[in-house]
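Q: Just passing along the structure, written as structure tokens.
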Amino acid sequence: MFYISKAVAVIAVVAAVGAVATIIALSVVYAQEKAKNEVTAPSTTGPPATTGSPATTGLPATTTPSIPKEPWKRYRLPDSLAPISYNVTLWPRLEPNKGGLYIFTGHSVVVFTCVKETDLIIIHSNKLNLTRFQDHLAKLSGLDGATVPSVSNSWLEEPTQYLVVQLSSKLQAGKSYELYTEFVGELADDLGGFYRSEYMEDRVKKVVATTQMQPTDARKAFPCFDEPAMKAIFHMTLIHPVGTVALANAMNYGEPNSDVTNTLLIITVVSVQQNIIWARRKAIEEGQGDYALNKTGPILTFFEKYYNSPYPLEKSDQIALPDFSAGAMENWGLITYRETALLYNPDMSSNGDKEWVATVISHELAHMWFGNLVTMKWWNDLWLNEGFATYVSYLGANSAEPDWNIKDLIVLNEVHGVMAVDALASSHPLSSKEEDIQKPEQISELFDSITYSKGAAVLRMLSEFITEAVFSRGLSYPSITLSLFKWSSFQAVNATTPSLGLPESVEDIMNRWILQMGFPVVTIDTKTGRVSQKHFLLDPDSVVERPSPYSYEWFVPITWAKADGVEQQYWLLKKEDTNTKMTIGTGEWLLANINMTGFYRVNYDSENWERLLTKLSSQHQDIPVINRAQIIDDAFNLARAKAVSTILALKTTKYLFREVEYMPWQTASRNLDYFFLMFDRSEVYGPMQAYIKKQITPLFNYFKELTLNWTKIPDGHTDQYNQVNAISMACSTGVEGCEELTTGWFRAWMKDPTNNLINANLRSTVYCSAIAAGGVDEWDFAWSMYKNATIASEADKLMYALSCTKQPWLLNRYLEYCLDPEMIRKQDATSTIVYIASNAIGQPLAWDFIRANWNHLFNDYGGGSFSFGRLINGVTKRFSTEFEYKQLQQFKEDHVEGGFGSATMALEQALERTKANINWVSLNKEQVLAWFTNETASPVY
């Protein structure tokens, strides 16, 4: 799965049928049930207290809360049964019933083997209304002569989401049985399970029935053994309207399916287009699927070579959906996407939109081997699935777009950002103990930047120190192809490459990065050659309560070079060591973590820092561009951790008036954003704005000249990104001519709404700048364009820009729209709130809105979804006062009973981050004000 870290697109499944068009997408994830259904069934909650029940039927109090005595009170399935196959029929109703509800009906037969004798059948079922058969919720039969015990009791155990069937005697080990159920569920608009999506086309409302099973919602579609290791064969039958076509994971030939998968990866879709790219009819007719279609083949070819294994299925369908909550979902053979992650219009979409499509497609196709064919046993190792796909997505996208140099952008997109999270005392290891991850909300919490981005970063580091060739060979080793991931695979390949000279086994090296949270800061004293490591914490005074099996020490692969540019490698295997080769003479400088391939930060003695700053100011091109970005990012984060002075960090930006490359500018912009978050409500704001204006003006003029006075677009991929940086920062700091430029473009569009001449790359920045400078007329025009947008990426740009207004009443109106799915789709509500909170004027409004509407948002918008952690992070990132800290504590106390679902960890991180912000502002405000004031007064050169 590809979750959204930006407010960009993710995954989708769509339908377009004739005049009434309804496309149905069923991924093994199903719908919620409410009281009103076409079928009325008696209550099925809890074990019936009948006198005829066997002695084991009662529910005595559990002896230990952590491991309940009764197996149906535990969140993990017993190991007594193993599924073999499912035969499932689903019938979604695309019109509401008499009670006004959209529903689906279905029946399922699951064939399973009894592994250990048991008189209990425990299978997942959530929010399904099950039909009773002779007062029981399921029918059991035996296969191949197996003796079938009678059903003595059955009930739904709601807290653990089980259907429990108690038997009069035990099932026989080694024998096979089948369990039959019939059910009704609601085809709701909750973006989880089997759900309903709606969109307008030619002024006609179209209904889409689609699914999202991962991580724990297959049980909302039909009763199933809903755990990743419980693989089986699935036979899916979909009853659908005439004029539509049913799609599923395998080909629809009417032949038995023999591909084994798990409940997370099943999907069925109904549509009328015959293509491997599926979407709304108009989107396909306009060619919005062409780019994805053209790049899918080359990416698949790359992965076949990379894995040394052919694509494991007969087809590769991809579908874009109007409503989807997560990123993209790697349903085997039928991948679902949000529209912005699959559809691309060259006239309306930016180069960033194109990159997003390429990387998300690559991420999902990578899963077809690693994640689907090779599967994790349990969710505690989710990082292997998602971290790996995130890392190799850059390799696959690079094969499709070799001119982009996209492999370098992993540093900006993944490494820098996740280091800020992993430097908190409330972070977590990549891999947890199985027993620590039990409940659905705990599983959902794992879909975070640690899992995706840190997972990608440490695998990138591994591929660097064992080489990419050895890394890819390790993936095709026999133990991998047997659906088991083992470090020994890489060690076996490493043993055939003695030139690598690893100091320890691959497993011993990697366990230190996987089984303990955080990462080290490596400090190098170039006067003595002393090298040391220490667990890096953004707040050095925070208390680390989580124990580490390695005492927070790592085996660190240090790459380094002196002024001659010759790269060398050194392994730091203990807390402190000496490497005399790292001493330097007068006039020399040393740089470590070349191209930031290692997941650690670097600090130096003060003399080497000054020499690096001097080199940046005189000949910055002598330092690799990634390392120019790394120097800035390390310095700012070390300053927040009180390891270097904040003034040293600010000095790394002084050379930027000479810099034209994207990565250093983007890194500086992100780090200075923290200063804006902390100081945009204080007297520091004015001098800070003046300093950035002074630094950005040469870059603004550079692109003005390069683009012939803004009449053309730069050729380079990252140059196009940096042009956006130049305009955005210039307009926000008042560079002469910038606001006139953006507002002029926007007003020209307002005068002729059918002819938008603003280049797609610049639209997000131009829209934001013009709306910020304007009033209600600009806002209302942008809102009208948003509601009428037929291209998802264009709608996303407008959705963001609407949050840029400086009018509080417009921001409050926009927040209220987030509660109305007719105004803002549920999939976009949390992103919109976060956008508004990023606006200094909107932040307190968004915080008040969250507190006033938390119960509604949590219950109706999916507190267990992946987006709620990002909602808490986004709304609280500006918090830096004791008053705000107390408000956050009170918010936690007010909702302790209902809990925070997938936002639980994010709330703890927000509290820790707020306390660190308070301390940082108190320590740095005066000196930062003085530095900005002094630098603004001095000339540029």
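The backbone N, Cα and C atoms fix where each Cβ goes, and this holds for glycine too.
According to TrEMBL, the feature region 'Disordered' maps to 37-64. Per TrEMBL, compositional bias 'Low complexity' is recorded for 40-64. If you look up TrEMBL, you'll see 83-251 marked as domain 'Aminopeptidase N-like N-terminal'. Here TrEMBL flags H363, H367, E386 as Zn(2+) binding site. The active site, proton acceptor annotation in TrEMBL covers E364. Among the features that TrEMBL reports, site 'Transition state stabilizer' is placed at Y452.
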Q: Whose Cβ, among the binding-site residues H363, H367, has more other Cβ atoms within 10 Å than any of the rest?
A: H363
Q: Give me the Cα-Cα distance between H367 (Zn(2+) binding site) and Y452 (site 'Transition state stabilizer'), rounded to a whole Å.
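A: Between the alpha carbons of H367 (Zn(2+) binding site) and Y452 (site 'Transition state stabilizer') there are 13 Å.
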Q: Return the residue, from the listed recorded positions E364, E386, with the maximum count of other C-beta atoms within 10 angstroms of its C-beta.
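A: By the 10 Å Cβ neighbour count, E364 comes out on top.
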Q: For Y452 (site 'Transition state stabilizer'), just count the other CB atoms lying within 10 A of its CB, please.
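A: Y452 (site 'Transition state stabilizer') is surrounded by 27 other Cβ atoms within 10 Å.
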Q: Taking Cα atoms as reference points, which of the recorded positions H363, E364, E386 is nearest to Y452 (site 'Transition state stabilizer')?
A: E386
Q: Cα-Cα, whole number of Å: E386 (Zn(2+) binding site) versus the residue listed as 'active site, proton acceptor'?
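A: About 10 Å separate the Cα atoms of these two residues.
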